[in-house]
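Trainee: Pulled these features from TrEMBL for this protein:
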- GLU79, ASP99, LEU101: Mg(2+) 1 binding site (BINDING)
- ASP99, ASP102, GLU246: Mg(2+) 2 binding site (BINDING)
- ASP102, GLY103, SER104, SER105, TYR210, LYS240: substrate binding site (BINDING)
- 30-170: domain 'Fructose-1-6-bisphosphatase class I N-terminal' (DOMAIN)
- 177-297: domain 'Fructose-1-6-bisphosphatase class 1 C-terminal' (DOMAIN)
Amino acid sequence: MVFLRKYLESCGCEPDLIALIRLISRQMDPIRKAFLDNQMYEHSLNASGELQAQMDTWADDHLIRVVGESGLVRELASEEQEKIIRFENSRCEYAMVMDPLDGSSLISTDLAVGTIVGIFENGGVLQPGSKLKAAFYTLFGPLTVLVVSVGKGVQSFAWDPETEHYLLLKDSFSVPEGTQYGTGGVRNEWLAPHVKVIDYFDQKGFKIRYSGSFVADCHQLLVYGGIYTYPGSEKKPNGKLRILFEANPLGYIITQAGGRITDGKQNILDIQPEKPHQRTPIYIGSKGIIEKIEEIYSLS
Ligand code: AHM
Ligand code: MG
């Protein structure tokens with residue numbers, strides 16, 4: 001049986017990085033338990049102007065408190081917080097970005113949601129995703145799964161509630177080319193290049209799969225390949241998803257599994273973010289299909 005800590009040690013990770021990844025991943029048990037008492041949607045809006053679920057704020061408050069008390073993180077940026085949080089008393093320089101609960105509009109439908117985390121070694125949170133030291137997400141599906149990359153491929157672990165350990169499920173992922181896609185947005189608001197991309201998928205006979213939870217839709221890319229996209233539109237040229245909290249950690253993981261991420265023109269992991277809540281159009285998934293998408297964009 002391979003445990004998360006042993007695995008991270010075998011990758012040569014620093015003890016403080018292992019402590020941080022374990023600390024956050026162990027909060028999934030309390031977060032999962034909190035769902036029952038926090039099913040409502042609040043009347044407040046988050047930093048991106050979206051309606052918050054009670055669980056968004058519960059998970060955010062909980063993780064900020066745990067991270068703050070750990071002394072492991074200097075800077076933290078959360079999707080639910082407008083400003084970057086600095087922990088002056090931290091003994092480490094790690095900078096962490098997180099979406100405490102991605103896909104939270106699905107809580108009331110009991111579809112899969114999860115937590116997304118990216119960790120930089122130092123230098124704050126406003127850095128390109130290519131500089132990440134580690135990224136992971138958890139997914140509350142039939143299993144509570146943790147998918148992690150510390151720059152040595154991608155591994156998945158499952159939480160065992162009996163022993164209270166994460167056990168290795170799969171120690172290597174390679175995104176296949178795949179023949180499925182999921183797209184966000186509203187069809188009659190799509191921009192011309194995105195319409196061409198979707199036409200290409202349809203001509204190729206691709207199947208549609210889109211749940212409305214980025215973390216869940218990306219997780220299936222690791223298994224089946226294909227593409228998840230949330231494009232820009234006339235009204236929102238930069239789309240909906242954020243570079244820091246969503247695109248970069250998942251882009252880092254999918255890239256580590258041999259896939260790619262692009263905004264249509266460039267690798268999102270190369271973008272220097274200027275502000276925490278900067279958004280970007282996203283195409284993420286199989287390498288060959290992303291190359292085709294960039295070709296369609298370059299000809300548009
Ligand atoms: P969230 O972080 O507030 O949950 O918002 C991001 C979510 C993604 O998980 C998902 O892919 C997308 O928004 C769904 O948006 P839509 O409902 O417009 O399809
Ligand atoms: Mg999100």
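Each Cβ is built from the backbone N, Cα and C atoms, and glycine gets one as well.
Predicted automatically and left uncurated, TrEMBL annotations should be read as such.
Can you tell me where each of these features sits in this structure?
Mentor: Within 10 Å of the Cβ of ASP99 (Mg(2+) 1 binding site) there are 28 other Cβ atoms, across all protein chains.
Residue environment of GLY103 (substrate binding site) contains 23 other Cβ atoms, counted within 10 Å of its Cβ in all protein chains. A coil conformation is recorded for GLY103 (substrate binding site) in the three-state DSSP classification, outside any helix or strand.
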Trainee: Find the one among the binding-site residues TYR210, LYS240, GLU246 whose C-alpha lies closest to that of ASP99 (Mg(2+) 1 binding site).
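Mentor: Comparing Cα positions, the closest of these binding-site residues turns out to be GLU246.
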Trainee: Taking all residues of the domain 'Fructose-1-6-bisphosphatase class 1 C-terminal' (177-297) together, what is their mean pLDDT?
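Mentor: Value for the domain 'Fructose-1-6-bisphosphatase class 1 C-terminal' (177-297), mean pLDDT as a whole number: 98.
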Trainee: Among ASP99, ASP102, SER105, GLU246, which binding-site residues lie by ligand 2, judged by Cβ under 6 Å to any atom?
Mentor: ASP99, ASP102, GLU246
Trainee: Near SER105 (substrate binding site), which residues of its own chain have a C-beta under 8 A away, given they sit six or more steps off in sequence?
Mentor: ALA53, GLY212
Trainee: Reported as an integer number of Å, what is the Cα distance between ASP102 (Mg(2+) 2 binding site) and GLU79 (Mg(2+) 1 binding site)?
Mentor: 9
Trainee: Taking the residues ASP102, GLY103, SER104, SER105, TYR210, LYS240, which the record names as binding substrate, find the longest CA to CA distance and state it in Å to the nearest whole number.
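Mentor: Farthest Cα pair among residues binding substrate: 15 Å.
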